[in-house]
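S.K.: My questions all concern the structure below.
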Amino acid sequence: MATMVPSVLWPRACWTLLVCCLLTPGVQGQEFLLRVEPQNPVLSAGGSLFVNCSTDCPSSEKIALETSLSKELVASGMGWAAFNLSNVTGNSRILCSVYCNGSQITGSSNITVYRLPERVELAPLPPWQRVGQNFTLRCQVEGGSPRTSLTVVLLRWEEELSRQPAVEEPAEVTATVLASRDDHGAPFSCRTELDMQPQGLGLFVNTSAPRQLRTFVLPVTPPRLVAPRFLEVETSWPVDCTLDGLFPASEAQVYLALGDQMLNATVMNHGDTLTATATATARADQEGAREIVCNVTLGGERREARENLTVFSFLGPTVNLSEPTAPEGSTVTVSCMAGARVQVTLDGVPAAAPGQPAQLQLNATESDDRRSFFCSATLEVDGEFLHRNSSVQLRVLYGPKIDRATCPQHLKWKDKTTHVLQCQARGNPYPELRCLKEGSSREVPVGIPFFVNVTHNGTYQCQASSSRGKYTLVVVMDIEAGSSHFVPVFVAVLLTLGVVTIVLALMYVFREHKRSGSYHVREESTYLPLTSMQPTQAMGEEPSRAE
C-alpha cells in the first residue's frame, strides 16, 4: 500500500538515528516514564491535534516535542507541557523527551491521518449494450487513506456486484456483467467505503454519479416489407414494414423511403413487434424502376429490407365522338386514344400499334341512338399487363314515330267500361303524343285508364310531334251501346211467377192424391161397397140403399 507522506517529513532513517542519539546508556533502567497523550490518535487530513507530554519525575527539566509538523507550545509546568499541532496532512510520529536526574526519558505517539477520496467516478457505459453479452464496469478512485481501510463497491441499483480493496493510486476496480433485459434503464454506480470504525470514528461513504445502461435485442432477420410492385404516377398506396423480436421496440428508429423520397411513417409497437405504416405517392419525375426501403435502427445496429417498385404513367383510354349528338343519316367518327406504349382496341378493332389511336366510322341511324362504344387499353409493365376500359354513348336525332304493333288501329269496347289506350311514341328528342277525335277537339288520355262511354265512339288522330317533325296514326274506337234494363227484369219476373205456379200446382196434386183410395171400417160393421157419385146428384145427398 502506498502511503502519502508530506515532503517536509524527514526520512525514516534520520528519525531513527535521532532517537538513538537521544537515548543514553542506562535509560532502560529509569524508574520514571514520559507519557504522550493522546496515544496513536486518528484525525482527518488538515486537522489540528492537542498533545500533552507529562512525567512523574520530580526533578524533570523542560519537556521538548520533536515533530516535523507545525507545533505551538500552549502551556507548560512542572513535569508537563501541552502543544498544539496544526494542519496535520499525513501520518506522523511525534516524540516527547525530558531529562530526569541527568538521564533522558522519551515517549512517542503515532498520528494516523485519514483522507476521503478526492474523486470517485464510474467510467462511461456503452451507449447500447446487446442483451446476452458481457460488459465491463470500471471505477476510478483518486485519493483516500488509509488504503488498508478503503474498499470500492460496484452497484446496480442497490445490488452489490463487486467489492474490492483500493490498492493503487489512483485505484481502478473493474467487474464483468452479463447484460440482460432487466438491465435496460438500470443505474450503475461506484461507492467507496473508508472504514474507520475500529478507530471509533465510523464508516465514511462516497458514491459516484450513476450511469444508466441501455440494453437491446435486434434480430438478425430483416424486416417484412409489404409494398406494391407497381405504382401509377399521382396515385398513392400504403406501405407496411414490420419487425418482430425487437427490444425495446419503442426506442427503435424507422426510415421508410420511395427512392430518395422519405415517407412520413406512423410507427406503432406491441410488445416486441414494431410496425411502421406510410403512404407512398408517386411523382411524375419518379417514373421508372425504383426501390421501397425500410430501415430499422436500434442500439447502433441496422436491419434493412428493400422491394423493387415500378412507377408508371397510364393515360386513358379516352373515347371521343366527332358528334356526340348526330342527326340521322350523318357520318360519325369514333376514336380512342391513350398514352405512349398503350395498346387500344375500339369495339374489338385494335389500333395499328401501341401508342396509336383506333378509329371507326358509321352512318347514324335510329338504331344507333344510345349505342355505346367500348375501348380497352392495355399497358405492359415489367411483364405484367394492366388493363383499363372506357366507353361513350352516341345520341342520334330522328323524327317521331308510333309503333303500330303496340298501338291498335281499331278498338272495340263496350259502353260504360274502363280501358287504357296503349300507344307509345319514340324519337329523339322525345315526342309529345296526343290523340284527338276527328271533327272535334276531344282528346283521350294515352297510357292511363279512363271511363269509356258511347260519346267516345269515332275516329281519332294520334299524333306524335317533336322538333324533328310529326307522325300521325288513325285509331278507330267502336263503342257498343248496352240494351235496356227492363227486358231482363221482366223476364226475371215471369220466370219467378212460373216457378211459383208450378210449385203450387204440385202441392195441390199431392194433397188430392192423399185424399183418394179405400177406407177401412170396424169389423162388426157390414161391408158396403162404395158407389160413385152421379154428376146430377147434389154434394149433400146420401146414396139410395137397395131393398
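Cβ coordinates are placed from backbone N, Cα and C, and glycine is handled just like the others.
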S.K.: According to the record in Swiss-Prot, which candidate from C14, C20, C96, C100 pairs with C57 in a disulphide?
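M.R.: That would be C100, the partner Swiss-Prot lists for C57.
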S.K.: Disulfide partner of C375 per Swiss-Prot: which of C336, C423?
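M.R.: Partner cysteine, according to Swiss-Prot: C336.
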S.K.: Which residue in the list C190, C294 does Swiss-Prot annotate as forming a disulfide bond with C241?
M.R.: C294
S.K.: Looking at the disulfide bonds in Swiss-Prot, identify which of C53, C139 pairs up with C96.
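M.R.: Answer per the record: C53.
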S.K.: DSSP on N206 (N-linked glycosylation site), three-state: which is it?
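M.R.: N206 (N-linked glycosylation site) sits in a strand per DSSP.
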S.K.: Check the Cα distances from N52 (N-linked glycosylation site) to each of the glycosylation sites N84, N134, N308, N457 and keep only the ones within 10 Å.
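M.R.: Of everything listed, what lies within 10 Å of N52 (N-linked glycosylation site) (Cα to Cα) is N84.
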S.K.: Have a look at the glycosylation sites N87, N308, N389 and say which one has the shortest Cα distance to N363 (N-linked glycosylation site).
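M.R.: So, spelling it out, the nearest of the glycosylation sites is N389.
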S.K.: Return the average pLDDT for the domain 'Ig-like C2-type 1' (46-103) as a whole number.
M.R.: 92
S.K.: What are the non-local neighbours of N308 (N-linked glycosylation site), defined as same-chain residues 6+ apart in sequence with CB under 8 A from its CB?
M.R.: R229, A289, R290, E291, I292
